[in-house]
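Feature annotations, courtesy of Swiss-Prot:
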type	residues	note
BINDING	ASN10, ARG21, GLY195, GLY216, HIS217	3-amino-2-oxopropyl phosphate binding site
BINDING	ASP12, HIS13, ARG48, HIS53, THR103	1-deoxy-D-xylulose 5-phosphate binding site
ACT_SITE	HIS46	active site, proton acceptor
ACT_SITE	GLU73	active site, proton acceptor
SITE	GLU154	site 'Transition state stabilizer'
ACT_SITE	HIS194	active site, proton donor
Amino acid sequence: MNKELLLGVNIDHIATIRQARGTRYPDPVQAAMDAEEAGADGITLHMREDLRHIQARDVRLIKQVLQTRMNLELAVTEAMLDFAEEISPEHACLVPEKREELTTEGGLDILTHRNVVEKAVRRLQLMGSEVSLFIDPDKEQIRAAVDVGAPVIELHTGCYADATSEEKQHYELQRIKEAAEFAASLNLVVNAGHGLHYHNVKPIAAIRELNELNIGHAIIARALFCGLKEAVRHMRQLMQEARLYVND
């Protein structure tokens with residue numbers, strides 16, 4: 001029997017729409033509850049330092065109302081770690097962050113920033129958080145994740161999602177497969193995400209070593225036309241179909 005693949009729904013872009021007009025709606029808290037009701041295994045949200053979408057209020061309320069779990073993405077900065085200490089998220093994912101980027105552009109470079117990342121991992125673990133590191137599918141970065149004490153990694157799938165040819169997409173898929181296998185051999189829990197949508201998720205979902213996919217933009221975009229609950233259910237269905245064809 002194949003291990004179930006979990007779905008974490010990222011609700012950042014519900015907040016993006018709200019912040020565009022400075023209104024109280026649409027409310028990410030309601031979105032989190034609806035996604036959870038539709039079958040999401042967890043809710044992911046990225047509170048950026050510039051507060052362009054998710055606000056502190058959102059994080060506090062979502063943590064209170066969720067029946068599943070909250071995965072808080074945050075930069076490795078003193079301000080964000082102080083906030084995490086206040087919230088004590090069940091799961092925290094350290095991500096790179098640049099103010100000028102539209103979305104996260106790559107994985108965390110643990111090799112370059114090892115001391116800072118290691119201190120952040122320890123601090124979060126002392127809060128009781130399970131820590132993951134958002135990294136590129138690179139063996140050296142995976143080894144570094146083990147070295148700094150992170151039990152979980154999330155593989156950046158952006159290069160796969162952005163590939164403009166079948167050859168390039170196949171190459172990036174193989175990179176992710178090999179990285180997932182390598183990480184699993186080191187006893188890491190392996191998640192993945194970034195840029196995944198309804199037309200490219202199945203090959204990723206079929207990777208047996210993956211534990212969870214975090215998907216946001218595609219689900220929120222689909223929700224405009226069919227509603228959030230249906231969008232979540234459809235993504236889950238595609239992921240489950242992909243797992244049916246994975247050999248034990």
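Here the Cβ of each residue, glycine as well, is placed from N, Cα and C on the backbone.
Swiss-Prot feature annotations superimposed on the structure.
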residue: ASN10; record: 3-amino-2-oxopropyl phosphate binding site; Cβ neighbours (10 Å): 25
residue: ASP12; record: 1-deoxy-D-xylulose 5-phosphate binding site; Cβ neighbours (10 Å): 22
residue: HIS13; record: 1-deoxy-D-xylulose 5-phosphate binding site; Cβ neighbours (10 Å): 21
residue: ARG21; record: 3-amino-2-oxopropyl phosphate binding site; Cβ neighbours (10 Å): 8
residue: HIS46; record: active site, proton acceptor; Cβ neighbours (10 Å): 24
residue: ARG48; record: 1-deoxy-D-xylulose 5-phosphate binding site; Cβ neighbours (10 Å): 19
residue: HIS53; record: 1-deoxy-D-xylulose 5-phosphate binding site; Cβ neighbours (10 Å): 21
residue: GLU154; record: site 'Transition state stabilizer'; Cβ neighbours (10 Å): 29
residue: HIS194; record: active site, proton donor; Cβ neighbours (10 Å): 26
residue: GLY216; record: 3-amino-2-oxopropyl phosphate binding site; Cβ neighbours (10 Å): 24
Exercise. Taking ASN10, ARG21, GLY195, GLY216, HIS217 as the record's 3-amino-2-oxopropyl phosphate-binding set, what's the max Cα pairwise distance in Å, rounded to a whole number?
Worked result: 25
For this session: Anything within 10 Å of GLU73 (active site, proton acceptor)? Look among the recorded positions HIS13, ARG21, GLU154, comparing CA atoms, and list what you find.
Result: none
Exercise. For HIS217 (3-amino-2-oxopropyl phosphate binding site), what is the tally of other C-beta atoms lying within 10 angstroms of its C-beta?
Worked result: 16
For this session: Please work out the number of neighbouring Cβ atoms within 10 Å of the Cβ of GLU73 (active site, proton acceptor), leaving out its own Cβ.
Result: 26
Problem set entry | Distance check against GLY216 (3-amino-2-oxopropyl phosphate binding site) for the recorded positions ASP12, HIS46, ARG48, HIS53, GLU154, HIS194, keeping those with Cα within 10 Å | ASP12, HIS194
Exercise. 10 Å Cβ neighbour count around GLY195 (3-amino-2-oxopropyl phosphate binding site)?
Worked result: 19
For this session: Looking only at C-alpha atoms, tell me how far GLU154 (site 'Transition state stabilizer') is from the residue listed as 'active site, proton donor', rounded to the nearest Å.
Result: 10
Seminar exercise, completed: Per DSSP (helix/strand/coil reduction), ARG48 (1-deoxy-D-xylulose 5-phosphate binding site) sits in coil
For this session: Let me know the DSSP-derived helix, strand or coil state of HIS53 (1-deoxy-D-xylulose 5-phosphate binding site), please.
Result: coil
Problem set entry | Cα distance (Å, whole number) from HIS194 (active site, proton donor) to HIS217 (3-amino-2-oxopropyl phosphate binding site) | 9
For this session: Please report how many Å separate the Cα atom of ARG48 (1-deoxy-D-xylulose 5-phosphate binding site) from that of ASN10 (3-amino-2-oxopropyl phosphate binding site), as a whole number.
Result: 14
